[in-house]
Amino acid sequence: MAMRKGKEYELNIEEIEFPSMGIAYHEGLKVYVKHGIPGQKVLARITTKKKDHAKGKIIEVLEDLPYKIEAKCPAFGQCGGCAHQDIPYEKQLEIKQHEILELFKKANLDGFDFLPIEGSPKQYEYRNKMEFTFGDLKKGGELNLGMHAKGMSFGIISADECKIVDEDYRNILNATLNYFREKQLPHYRIMAREGYLRNLVIRKAENTGEVLVNLVTTSQIDFNLDEYTEIIKSINYKGNLVGILHTINDSLSDVVQCDKLNILYGRDYIIEDLLGLKFKITPLSFFQTNSKGAEKLYSIVRDFIGESKSKTVFDLYCGTGTIGQIVAPEAKKVIGIELIEEAVESARENAKLNNLNNCEFIAGDIAQVIKEVKQKPDVIILDPPRPGVHPKALEYVIKFDSPTIVYVSCNPKTLVEDLKVLVENGYVIEKVKGMDMFPSTPHVETVVGLRRKDTL
């Protein structure tokens, strides 16, 4: 009998695809089951039904995996943050390695050295930034501060025992939640467009211990935050509190953005050390959220580039210039291009902080700016956002004829599409290595080393 949307079916998970999408078959029809793991038998409700595939949501696990372990976090299963805390870490790495390789196989990309995946140095308490949301689990319920509940668009579950951040985060969260519960201030409701409390964003530099607390609200209520500031200052920190901020965000979207920034205490940035260099991180600037993992990731990039003393390196989608600056001490010249002006300003500031005189950072759309750059690169580093490299930018990357390209990807699906274009235009994939920056989640970074055919 044909599968129908809304109906429930018993399914055996046989395969897995990125990002942590279990694959089952029903009468020959491929069914994608989110967070299903091969070996499980599940009861799933069909949410989407197309001619060539269906999508299902797990209602119940009927037969589980023999190697499952107990998750450390009491909110696991209810919280939408972590997917695999109940799977041993070695198995998590095995799954991610398999998912990357399968994507390369499907894209008919082969002939490269597929290196073992690198695990995160820390499986727990690894994050240097966390964005918590104010809300309630059920409409009209008690104020919560934490993560979106699993499978719910608006429900928020408190993350007071979150295990992917350290004790300082948990103490700040609990102090904040207790204070605002007592004050009975309303959280922002995105559909009604009303309320005050939006987010609590905490950044903590792993290697320096500097802590920055950022309370995000609307301007709908004029509330004095002096008492709150003193409460946050009075916490017994393992690290070092350097700033408390109040960000006004009246945007209609769910994204944390800044309409106005007030410094309640200290300063509005932290300094992080990575591989002997210093990086200034501002409230909204992008920075890899796993510092110890980032050191490993950037070491892999440096290794893939190889000897670079006489080389000009292009760092495209450079953000705050982290990768470019880490290779700069060994390079002749580094040119970074980034769309976000604030990130470029941070990159320039960081280069000064590190006494690097061979770095130039340009703000603008890569697809446009790349046309105007006169220098010829010996190495191009690509580190694009999830959608991959813009097709126009990729055309210019190819025209530059760089002997070496190192592609750092946070989305292996778009990575393989870009690699197909590079291979069609004279590049050979030499090596591929996964790097797990996000234990217990489906996400994985992939580093790819390419060489132009005529340089081999």
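Every residue, even glycine, has its Cβ placed from backbone N, Cα and C.
The structure displayed is predicted, hence computed values, not measured ones.
Annotation source Swiss-Prot lists domain 'TRAM' at 2-60.
The 10 Å shell around the Cβ of CYS162 ([4Fe-4S] cluster binding site) contains 24 further Cβ atoms across the protein chains shown. A coil conformation is recorded for CYS162 ([4Fe-4S] cluster binding site) in the three-state DSSP classification, outside any helix or strand. Residues or ranges marked as [4Fe-4S] cluster binding site by Swiss-Prot: CYS73, CYS79, CYS82, CYS162.
Residues annotated as S-adenosyl-L-methionine binding site in Swiss-Prot: GLN288, TYR317, GLU338, ASP383. GLU338 (S-adenosyl-L-methionine binding site): 28 other CB atoms within 10 A of its CB, across all protein chains.
Residues annotated as active site, nucleophile in Swiss-Prot, with sequence analysis given as evidence: CYS410. Around the Cβ of CYS410 (active site, nucleophile), the same chain contributes PRO385, ARG386, HIS443, GLU445, each under 8 angstroms and 6 or more positions distant in sequence.
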Inter-residue Cα distance where the pair is ASP383 (S-adenosyl-L-methionine binding site) and CYS79 ([4Fe-4S] cluster binding site), in Å: 30
Top Cα neighbour of CYS73 ([4Fe-4S] cluster binding site) in the set of binding-site residues GLN288, TYR317, GLU338, ASP383: GLN288
Helix, strand or coil at GLU338 (S-adenosyl-L-methionine binding site) [DSSP, three-state]: strand
Three-state composition of the domain 'TRAM' (2-60), taking helix and strand from DSSP: 0 helix, 37 strand, 22 coil
C-alpha spacing of CYS162 ([4Fe-4S] cluster binding site) relative to GLN288 (S-adenosyl-L-methionine binding site), in angstrom: 19
Residues that sit under 8 angstroms from ASP383 (S-adenosyl-L-methionine binding site) by C-beta distance, when 6+ apart in the chain: ASP315, LEU316, TYR317, CYS318, GLY319, ILE323, TYR407, VAL408, SER409
Other residues, Cβ within 8 Å of GLN288, TYR317, GLU338, ASP383 Cβ centroid (S-adenosyl-L-methionine site): PHE286, ASP315, CYS318, GLY319, THR322, ILE323, PRO384, PRO385, VAL408
